[in-house]
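Annotated features in Swiss-Prot:
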type	residues	note
DOMAIN	7-242	domain 'ABC transporter 1'
BINDING	Gly39, Glu40, Asn41, Gly42, Ala43, Gly44, Lys45, Ser46	ATP binding site
DOMAIN	253-497	domain 'ABC transporter 2'
Amino acid sequence: MNKVPLLEMRNITKSFGKFQALKGVDLTVFSGEIHALMGENGAGKSTLMKILAGAYTTTSGEILIEGRPWSIKGPKDALNAGISLIYQEMQLAPNLTVAENIFLGSELSRGGLVQRKEMVMQTQAVIDRLGAQFKASDLVMGLTIAEQQQVEIARALHRNSRILVMDEPTAALSTRETHRLFELILRLRDEGMAIIYISHRMAEVYELSDRVSVLRDGQYVGSLMRANLNANELVRMMVGRPLSDLFNKERDIPLGHLRLNVHHLTDGAKVQAVSLQVRSGEIVGLAGLVGAGRSELAQLIFGVRKATGGTIEIDGVPLVIHSPREAIRHGIGFLTENRKEQGLFLELAAQDNITMATLERDACYGLLDRKKARAISDDAINRLNIRVPHAQVRAGGLSGGNQQKLLISRWVAISPRILILDEPTRGVDVGAKSEIYRIMSQMAREGVAILMISSELPEVVGMSDRVYVMHEGRIAGELHHPDITQENIMTLATGVTEDHKKEVYHD
């Protein structure tokens, strides 16, 4: 690294009215460095980067580029400083070509005529440098999300940007697309670019970053070099407490009667003769690899998928559940895996999302009782600590953690007997995870039977009283404490037999 930082942000303060979003934040970034920026939602990461990109102006503080003070009052000042920011939501015109997007606002012209051929040639040269598969003449609307991201990066390279800010760039990418993006980021770093990488995903930070800086409550907490990265320390810096305190599972909750009894449940495709039980007050983990049939099993119980065999009993009563409406009537709640596509109504208010499952129960002669709906939503917002200014705020404008808690509150509102949670903390930061774990533990104490599907093994180990592991549509095994370990779960999830365990783990 060079001794003189490429970028210094010193004592940056930003206020919105009486609210102070940033309180004297410092950030130093060098050329040829991938610098991860971490923190809970609301910690100030996006605000700090919007100041750097010229979307916001500072209340106080200064920005230096290569040791020289640089005034950034708007996006043009940031571009002149060699700074580009790639937002989570792509800033592209879908009905224009790649070349037209690259040159948007700075079109090449001669004699009053736009030089389209030259623009295409220059754009294609940048695309080839990236190793992308699309062409400069392709319409952006026909590209994948990963390819659109490459267009954003190509635009930054065309502008000769030296500092590239990426805000949660893998949120909508597949595993393969993420791997390709990482290869590109590492190549850009090796070419001397400074990359500020905003993410809440520790695995990505461990794989990519040369250094990590953490913000908490609008303040700079500290930085760690790659050699010193430690999950416990990162969590402590982000939330003010160690990783061991993250899981809020109470082990002294007395278990009640058998609440959910699934026997030989089958759909003829993804789920084969699955049997499991969950007691009142119990959190049961359901682990397994992608494609093992976990989500499909949950959909069978909730009536989304049709069972071809097997039985479901709730509190000892055999039931045939044909639809989600019937499941809700029987006191079953289901947090879906993808909150944006299968759970939330993003354009509706928080209150409407919360009360969606109680409409049939609380309607009077087919009319919504608005006073009761408001009371239900206000109670849920307070109980789950959902950070919204009011109940009428649009759900799509909330952070990932608050969206997830909003969806959980929908099922809390029906006072469920059984709650199925499919990837309950996917896509949320550490602080929101801790809140969700607290909610789960509280509901278990109130007697709710919880079936938790999760691909995060520390979560399964930390929150489960028992664990079922699925492999190829069947239950491969059941684990009790102290045998609930990541190694034992993976052994069952991958179909490794007792005869091969020693070979796999100790070869």
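Here, residue 1 is simply the first one shown, and the rest follow in order.
Glycine too: its Cβ is placed from the backbone N, Cα and C atoms.
Taken residue by residue with DSSP, Ser46 (ATP binding site) is part of a helix. The average per-residue pLDDT of the prediction over the domain 'ABC transporter 2' (253-497) is 87, rounded to a whole number.
Other residues of the chain with a Cβ within 8 Å of the Cβ centroid of Gly39, Glu40, Asn41, Gly42, Ala43, Gly44, Lys45, Ser46, the ATP site, are Thr47, Leu215, Asp429. Per-site Cβ counts within 10 Å over the binding-site residues Gly39, Gly42, Gly44 peak at Gly39.
The local packing around Lys45 (ATP binding site), expressed as other Cβ atoms within 10 Å of its Cβ over all shown chains, amounts to 26. Taking each Cβ in turn and tallying the other Cβ atoms within 10 Å, the top scorer among the binding-site residues Asn41, Ser46 is Ser46. Its own atom aside, the Cβ of Ala43 (ATP binding site) has 25 Cβ atoms within 10 angstroms in the protein chains shown. Under DSSP, Glu40 (ATP binding site) is assigned to coil, being neither helix nor strand in the three-state scheme.
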